[in-house]
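Feature list (source: TrEMBL):
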- H126, D149, H151, D236, D238: Mn(2+) 2 binding site (BINDING)
- H126, D149, H151, D153, D236, D238: Mn(2+) 1 binding site (BINDING)
- 1-27: region 'Disordered' (REGION)
Amino acid sequence: MNTETAELFTPAPEWSGRSDGPGPEHARWHSVINQSATSAAPVTLLGFASDEGVLRNGGRQGAAAGPAALRSALGSLAVHHEHALADAGTITTQADDLEGAHDALSDKVQELVAAGSLPIILGGGHETAFGSHRGLYRAVGATKIINLDAHFDLRRADQATSGTPFKQISELSDDFDYTVLGISRPNNTKVLFDEAESLGVAITLDEELTNLTPAECGELAARATEGKDKVHLSIDLDVLPASTAPGVSAPASLGVSYERIRAMAVAIARTGKLALVDVVELNPTFDIDNRTAKAAARLIDDIVTAHLTS
């Protein structure tokens, strides 16, 4: 059962945050975000308030509150560009109907991509990625997928969970092009490594990234975009160390440092290939001093800036 209760779709909420005065020189996310855009903005936020997939996967729920926490953390961040930003509202899983929420998410992402906007999906559990990617696929066809994550999320199951999205995506097309950066060997069974191998998944382990500098990690991530002109970037916040991201469903014992994750995300955004971004698994129930939400908000802000100025 989903832990958030709301209509299937709710319009964008009123944003709030620090205000130092009027004018573009004082611009912050809350003061520039458009909550009632009638035309496509270059970047559009869309919430997906769902943790039914986490429940089905045996995880600790709370990620359905992620979109609100991410908006709150973004609100006071300064904006140093003049590009339009929009908020398209939130889709909320109704009770245990994750499949219906996926349908709504796919429809909305397809609409935004067709209009020329970059959707940034504020999750929600990692079940978010199937619904969002299916919308992208319907709009533009097969794309490169790069997942910054400690887990493959390639599980086979009778129903969608937070552990199945990329297995589900692999069944949409014969052209499945999936890279995972940050895999934790102890947290993925041999069955999952075998599944990844059978699907031709490109893998870099968390310990391998730790042995690289942030700049080298960025170069690796940029190379991972080669071969396709459009990229779906999915960021599961549990790829970060538990000290940086305590507020997730499955905190990492090792994780990949924030500097390395940021370098990879920004490098991917700077290629100009981004077509979809998911930021998932923020669980405010277990966050400490909004530490995870603030880390995620900075990532989103950096990705948006890099994309818009690429």
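Indices start at 1 and increase along the chain as displayed.
Backbone N, Cα and C atoms are what each Cβ position is placed from, and that goes for glycine too.
No curator has checked TrEMBL annotations; they are predicted automatically.
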Shell of the Mn(2+) 1 site beyond H126, D149, H151, D153, D236, D238, same chain only (C-beta within 8 angstroms of their C-beta centre): N147, A150, F152, S162, S234, V239, A250, V280, E281
Cβ neighbour count within 10 Å of D236 (Mn(2+) 2 binding site): 30
Structural state census, the region 'Disordered' (1-27) (DSSP three-state): 3 helix, 2 strand, 22 coil
Site with most surrounding Cβ atoms, counting all protein chains shown within 10 Å, from the binding-site residues D149, D153: D153
Collapsed DSSP category at D236 (Mn(2+) 2 binding site): strand
For H151 (Mn(2+) 2 binding site): DSSP state (helix, strand, coil): coil
Local Cβ density at H151 (Mn(2+) 2 binding site) - other Cβ atoms counted within 10 Å: 25
